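Heads up: the structure comes next, in structure tokens.
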Amino acid sequence: MASDFWLIAGLGNPGKKYEDTRHNMGFMTADVLAERWTVNFADHKGLAMLGKSVMNLDGRTVKFFLAKPLTYMNDSGNAVASISAYYQIEPDHIVVIHDDMDLEFGRIKVKAGGSAGGHNGIKSIDRSLGTPKYARVRMGVGHSKRGANAHDNTVNWVLGGFGPDQRKQLPEFLADGADAAEDIIFHGLAKTQEKFNGR
């Protein structure tokens with residue numbers, strides 16, 4: 001029987017050296033949610049830091065798990081699939097938060113299904129769940145210079161930090177990402193897309 005819990009997974013890479021990098025937008029947004037809803041993380045089978053709590057919004061209450069995979073980005077699917085199988089959470093009750101180079105810094109787009117857009121964490125989750133039909137909060141980080149060394153530029157870009165201006169805007173951006181995850185759960189995908197995708 002499917003659980004009535006939701007699973008929110010913020011993607012990133014574990015370890016100090018990745019802490020404030022663009023690729024860790026998901027982790028950082030998960031931390032905002034953890035603070036808002038008093039989530040205490042504990043280890044889940046060595047695959048993720050996982051906590052659970054309850055959200056109370058608009059007179060409704062929703063139980064949820066919050067996960068930060070420890071598998072490194074490219075194997076995020078192992079963690080997400082393990083949690084969803086263990087707690088019987090269906091893909092339509094999963095929200096994944098991740099960085100997205102196709103969007104400028106500060107922009108958020110919400111979607112379910114469709115292409116992974118070259119994001120290895122999303123490709124891994126699609127593979128492990130056997131479907132792309134879960135909700136995604138795409139957090140814009142802009143993109144590196146194209147050109148001869150495009151792959152290396154991309155790797156250096158996503159594993160790089162934020163400039164001073166972006167760092168100033170980051171708290172508000174992360175709060176918006178957390179709002180988007182909550183809105184998907186409480187108001188559904190279409191309404192959340194209307195609110196965020198046109199900004």
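Placement of Cβ uses the backbone N, Cα and C atoms for every residue, glycine included.
Swiss-Prot lists Tyr18, Tyr72, Asn74 as binding tRNA, and of Asn40, Asn120 the one it places in that same site is Asn120. Of all Cβ atoms in the shown protein chains, 23 besides its own fall within 10 Å of the Cβ of His23 (active site, proton acceptor). Asp99 (site 'Stabilizes the basic form of H active site to accept a proton') sits 13 Å from Tyr18 (tRNA binding site), taking the C-alpha atoms as the reference points. The tRNA site is set by Tyr18, Tyr72, Asn74, Asn120; from the centre of their CB atoms, other residues of the chain with a CB within 8 Å are Asn13, His23, Thr71, Met73, Asp75, Ser76, Gly121.
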